[in-house]
Amino acid sequence: MSGLTIFSDQQPEKPLWQSHNAEEIQQQLTAIGVRFERWQADCELGENPQPEAVIAAYQHEIDRLVAENGYKSWDVISMRPDNPQREALREKFLSEHTHGEDEVRFFVEGSGLFCLHLNEKVYQILCEKNDLLSVPADIPHWFDMGSAPNFTAIRVFDNPEGWIARSTGDNIADGYPRLA
């Protein structure tokens, strides 16, 4: 079940607010300019989905995002617990960073934890199947896929070159709860 936990950026041990209600999550995130919606990810993708099959299954949703926001490219990230690069990729995404463009993800299976750092707060968003999350450009954030990642998400970009991160150099992510 999707969830949102809000912390002070000075007190990672004490949540200020928490909910698993999609409407409440959407209200909180809309207030900070972040788009959160529940879409339908109802295509059967199989055990190890191929990117082309995922894109074909959800082309209508991709086209909708492109029409609304003028995005230029998209791809699929799919991680499984047996991926030999899972630890290195987890560490890469766990460092706080920003992008010069929106970070848009549509989870078509599994889950992951997006953590946003703004307005002296940390917003931990547990994204699950059916969740669309769009984080505006330049918001510091990190992503935790867990120690045994199991998710597939469509990533949509402004930049045809895809995912380009700029590290903030802040180690704030080290103090906050992570996925198991």
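The backbone N, Cα and C atoms fix where each Cβ goes, glycine too.
What Swiss-Prot annotates here:
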type: SITE; residues: Glu96; note: site 'May play a role in metal incorporation in vivo'
type: BINDING; residues: His97, His99, Glu103, His141; note: Ni(2+) binding site
type: BINDING; residues: His97, His99, Glu103, His141; note: Fe(2+) binding site
type: SITE; residues: Asp102; note: site 'May play a role in transmitting local conformational changes'
type: SITE; residues: Arg105; note: site 'Important to generate the dianion'
CB within-chain contacts under 8 A for His97 (Ni(2+) binding site), separation at least 6: Pro140, His141, Trp142, Ala165, Arg166, Ser167, Thr168
Residues flanking the Ni(2+) site, with Cβ no more than 8 Å from the Cβ centroid of His97, His99, Glu103, His141 and excluding those residues themselves: Thr98, Val135, Ile139, Pro140, Trp142, Phe143, Ala165
Site of maximum Cβ density within 10 Å, from recorded positions Arg105, His141: His141
Cβ atoms near Asp102 (site 'May play a role in transmitting local conformational changes') (within 10 Å, other residues, all chains): 19
Chain-internal residues, separated by at least six, CB under 8 A from Glu96 (site 'May play a role in metal incorporation in vivo'): His117, Pro140, His141, Trp142, Ser167, Thr168, Asp170, Asn171, Ile172, Ala173
Of His99, Glu103 (the binding-site residues), the residue whose Cβ has the fewest other Cβ atoms within 10 Å: His99
Inter-residue Cα distance where the pair is His99 (Ni(2+) binding site) and Arg105 (site 'Important to generate the dianion'), in Å: 14
